[in-house]
Amino acid sequence: MILSNCSITNCNRPSRYLSIIITTISKISTITKIKNITNMFSQINIDERMLKYVRKIVPSLTTTKYKGQDGRIGIFGGSMEYTGAPYFAAMSAFRTGADIVHIFCAKDAGIAIKSFSPEPIVHPLLDHNDAIRQIKPWLDRLHVILIGPGLGRDEKIFRVIVELISICRDLRKPMIIDADGLYLLCQKPDIVRDYPGLILTPNAMEFSRLVKAFLDRTIQPVPVVKISELKHLADSIGKNVVILNKGAKDVIVDGQKGTEAITCTAAGSGRRCGGQGDLLSGALSVFWWWAISAGPSECTLSPPLIAAYAASRLTRECNATAFKLKERSMLTTDMLEQIHPVFQRLYEINCNKSSSSSSSSSPIVFGGNKIRIKSGDV
């Protein structure tokens, strides 16, 4: 439009306008780069701040502790088709630092899950007629309830889970819901409204279903959801809910009005083998208990928000580390093996790994002769 007004007698005007356009584009590009750099440093600051918060909740390993103190987790899931999911969640909880993990599964899943590992305590009773009666005595012992890994969609088991959620509400048990547990919420959204302490961990598809169920709106699954949509969903469920939305970036919000959203952008990989969500939910259950048992702090963020970031960061970095070793052949079992080194690198910096006497040696008398044995050798 500008060039059309140019006359032959003023032929250098187009080049002058072109120069202005190029300069303007260059300035815009520079501003965009500055914004990107600013955002990058802002995210680095957030990550450093969150890592400090997480390190403060990681419990010290001392000789005065008793079994179960650092986490007794109850996983409700495991069906004839899906036996790996509860196993991954349980082993992730163990590798993160839980002391005891119970798996409550369907009868057909019990033997398979027990054969994977001797560590979890397996209760193959979810499809029993008196399942709730058998489950109730265990609930007081459990610190955090995780519902969903490998749960399946059997109506009989769903009825048990609905009753379980009601009982846990009265007990004010911290609860995490994932996978087919989220599918159940889409069928019966009222069972978790205003639950006293809840974390949901949807992926893109699960999030779109939750929006339809709770807000009666249809949205398409996207790699990174809008924070405003996440907050709207959280508000509709209750002020005590935290949503960890898994995607290209993990976005974490809670139902408390005015609280900030947290984004975990740590690099993972393009490998999306099954079971990674189970690894995250298992680790999350442990971090949440640690955040609760750590007690009040100067941190303004809620314990479940800190726990959600901790689990998200751990999972994404385990993915990246395992991918460097196995690339396209990487499996969730490879990620499990990386929990220890990644946890050490991220979270153990300010944590006493043992009591003060662990590195010392004590004299022990054998036949009148003193010898020194390190406590780690006993």
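Glycine too: its Cβ is placed from the backbone N, Cα and C atoms.
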(request) With ASN203, ALA204, MET205, GLU206, PHE207, SER208, ARG209, ASP278 listed by TrEMBL as binding (6S)-NADPHX, identify the candidate in GLY150, GLY152, GLY238 belonging to that site. (result) GLY150
(request) Grab the (6S)-NADPHX binding residues from the record (GLY150, ASN203, ALA204, MET205, GLU206, PHE207, SER208, ARG209, ASP278) and give me their largest CA-CA distance in Å. (result) 20
(message) I need the least crowded one of these binding-site residues (ALA204, ALA248, CYS273), counting other C-beta atoms within 10 angstroms of each C-beta.
(response) ALA248
(request) List the same-chain residues at least 6 positions away in sequence whose Cβ sits under 8 Å from the Cβ of GLY275 (ATP binding site), in sequence order, or say none. (result) GLY84, ALA85, PHE88, LEU331, THR332
(request) Would you identify the secondary structure of ASP250 (ATP binding site) according to DSSP, in three states? (result) strand
(request) For GLY150 ((6S)-NADPHX binding site), just give me the three-state DSSP call. (result) coil
(request) Just name the most isolated of the binding-site residues SER208, SER269, going by other Cβ atoms within 10 Å of its Cβ. (result) SER269
